[in-house]
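Participant: Feature annotation from Swiss-Prot assigns compositional bias 'Basic and acidic residues' to 19-34. Annotation comment: Swiss-Prot describes 166-259 as domain 'RRM Nup35-type', evidence class sequence analysis. Taken from Swiss-Prot, the feature N-linked glycosylation site covers Asn11, Asn169, Asn242, Asn349. The phosphoserine feature in Swiss-Prot is assigned to Ser88, Ser92; the stated evidence is experimental evidence. The region 'Disordered' annotation in Swiss-Prot covers 1-72.
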Amino acid sequence: MSFGGSGSITNRSTLKPLSVDDLRSPSPQKEYRGFRTSVSNIPQEKKFVPSHLSHFGSSQQRRFAPEVSSPLAEPYESSSSFRLSLSSPPSSKFGGPSFGTPKPFLHTNRLGTGSLIEDAPPTQSIYDFSSSRQINALNVGQSSSPFSPVSEKVYDPSFTMSGAPQDSNTSVIVFGFPPELTNQVIAEFSRFGTIISENSLTASSAGFTPSKGPISGNWLQLTYAEPSSAAKAVLSNGMLINDSFMVGCIYSPAEAKEHVPKTLRNSNKDLEMTDASSSETSMSIPVHADAHFQSQSGLGKKVIVQHKNDIFKSSQKHQPRNWLFHYLFGFGSTEPIDEEEKSKTASDNTSLQTSLFGKIVQVVLHTLFGF
């Protein structure tokens, strides 16, 4: 019992406690160092280099081959990684300070021209061309751009109404609304500016001069304090009021007429505005025809009717017979005849008498002598 106990005690004293390093796997650096030391102990034979490969100098082989003494160098590199390592140092390859920066352009090609150049590794990297291409692309883009930057146009209120004088025209004419909406129209147009006066135009106003008085009709003249307010009011031409009446707005012809040349003022194209009462009076004036007007066809002769009841009667065929008996025998129609009609038919009677006398002579000669 004592031997076993003593033996167990001695075994416990010889065991070592476990550490964190014992649980970790060996690092690749340690394995590579052990592999390098084992490889370096193996004797290597000197290889024979052919004469056609003798132009590869020892300096170039050192340049293209990775450093064996580097602890992070790989024993076997792929073709792609080998090509990238040609133009980039180890510091830039493994995240050094020059990582991501373009490399200088390599102009030298020491391999010369020959049949084996195609099999040789590349001497330039893709990063050697990026900087020059970017610079050339920027230069070409700036020089070959045919368009200049577009300048922003500043809004000029003087070009709002090019056809109207913006410096002096402050009066506008509003039309197209019923008289009961006059106050509402004035309230709507007061939003564009301060209204100095509200005048109504009449047909008797000479030169379109507004006459002060009560507002009547469906149009009026508004005078603003500033020309810009009048321009805004003209731009609102066609505004709807109560969704049923379209109101028009134009510049006042009184002020616009001052800027019109004299040759156009007297023309028939000038704007004229009259009331409905004046148009009705002008339409009611009768047209007087000339009493002595008579066309060759007998149309257009003035006819005077003595009695309104006889206006639809035609007694013209009996008139020559009455005048004939009155002229030959001294009696005829007892109806009163105007002096104007007598003077008119006197000339017709002479021509009728000669024609009738000639017909009687022709009838007598034909009866007596047969011709």
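Backbone N, Cα and C define each Cβ position, glycine as well.
Help me see these features in their spatial surroundings.
Facilitator: Note on the domain 'RRM Nup35-type' (166-259): its mean pLDDT in the predicted model is 78.
Asn169 (N-linked glycosylation site): 21 other CB atoms within 10 A of its CB, across all protein chains. According to DSSP, Asn169 (N-linked glycosylation site) sits in a coil region rather than a helix or strand.
Annotation for Asn242 (N-linked glycosylation site): same-chain Cβ neighbours under 8 Å, separated by at least 6 residues, are Leu181, Gln184. In the three-state DSSP assignment, the secondary structure recorded for Asn242 (N-linked glycosylation site) is coil.
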